[in-house]
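Here's what TrEMBL has on this protein:
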type	residues	note
DOMAIN	20-117	domain 'Ig-like'
DOMAIN	203-304	domain 'Ig-like'
SIGNAL	1-32	signal peptide
Amino acid sequence: MLLLSAMPAPILKGQALLLPLLLLLGPQASRGLVITPPGPELVLNVSSTLVLTCSGPDPVVWKRMSKQPPQEMVRTQDGNFSSILTLANVTGTDTGEYFCAYNNSHELEAGEQKRLYIFVPDPTMGFLPIFPEEFFIFLTEVTETTIPCRVTDPQLVVTLHEKKVDDPLPIPYDHQRGFSGTFEDKTYVCKTTIGDKEVDSEPYYVYSLQASSINVSMNAAQTVVRQGENITITCIVTGNEVVNFEWTYPREESGRLVEPVTDFDIPHIRSTLHIPSAELGDSGTYICNVSESVYDHQDEKAINVTVVESGYVRLLRELDAVQFAELHRSRTLQVVFEAYPPPTVMWLKDNRTLGDSSAGEIALSTRNVSETR
């Protein structure tokens with residue numbers, strides 16, 4: 001571990017001190033990536049300044065948290081390339097990993113890079129801030145994972161506890177990564193002491209998810225709708241908590257995307273596609289594809305929806321123009337039709353509307369033989 005104190009000197013002076021070291025390495029040593037100072041771990045004082053230089057035979061770049069911080073890229077006298085990253089007035093938040101890699105890594109060995117870890121002990125900062133989603137650790141099998149509570153000072157003693165339990169857990173701690181081990185589904189808190197003050201991290205939640213075979217069901221409020229009505233289709237998965245829904249629908253082809261709504265009601269997960277004010281172009285096949293990445297399972301269901309311009313009635317079976325009935329015997333007249341929306345049915349005799357006769361002479365009834373939803 002290398003301890004560096006504050007560097008109040010101008011940046012140009014820092015570069016002048018570093019360049020002779022690079023030239024002494026010789027042409028053969030410069031064929032790979034070279035980081036100055038070499039690390040692999042540095043400790044800086046708060047408010048100090050550090051100049052990091054990375055050199056290689058091709059253009060190189062510094063990366064921090066998958067991003068490229070502002071840096072100066074130069075060509076050295078021996079034909080190599082250098083990238084100079086200046087960390088000025090550092091604070092605890094500058095603690096972390098720094099990577100040097102080739103800017104066009106596909107031209108060389110894929111993934112070739114060098115890593116440097118920097119600590120900036122900051123007494124005002126207990127644990128390094130992390131993204132909110134990192135407080136939730138989801139597992140799909142019993143495996144080793146890491147609770148990423150990291151501190152700015154590598155000399156601090158850090159312990160891991162179940163929430164509201166004083167005794168620490170016997171799990172090894174890495175100041176650069178956190179606690180790594182196999183954890184139960186519980187809430188965990190990291191603790192350290194800065195000066196005479198005990199500092200707790202935010203709680204971390206470990207949760208095991210089920211990942212099994214996928215069984216998908218699909219339904220639509222209606223599969224025949226009039227123009228201007230809504231289309232609502234729901235895709236349901238049962239007994240699996242790690243799934244991804246992908247919808248394919250006619251409106252998508254024209255670039256008019258609809259955001260599905262996902263509802264978790266364990267053990268059911270529902271994804272609902274809602275299209276208000278349907279148009280004729282919304283007619284077609286709606287596909288719901290559900291997948292999970294743990295065991296690479298997937299299932300797919302499809303449903304057809306028809307949008308009509310207006311309501312319709314279509315006779316499927318007509319009556320003969322002439323009907324015969326025996327005297328004093330009952331006679332049933334029946335027509336079969338398809339219609340949307342459900343129509344009002346009237347029978348007429350001699351252009352007069354017939355109704356249920358109180359004397360029981362005429363009885364009218366309409367019933368659904370089948371229904372297309």
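Each residue, glycine too, has its Cβ placed from N, Cα and C.
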Across the domain 'Ig-like' (203-304), average pLDDT on the 0 to 100 scale: 89
Counts of helix, strand and coil residues, the domain 'Ig-like' (203-304), according to DSSP: 8 helix, 56 strand, 38 coil
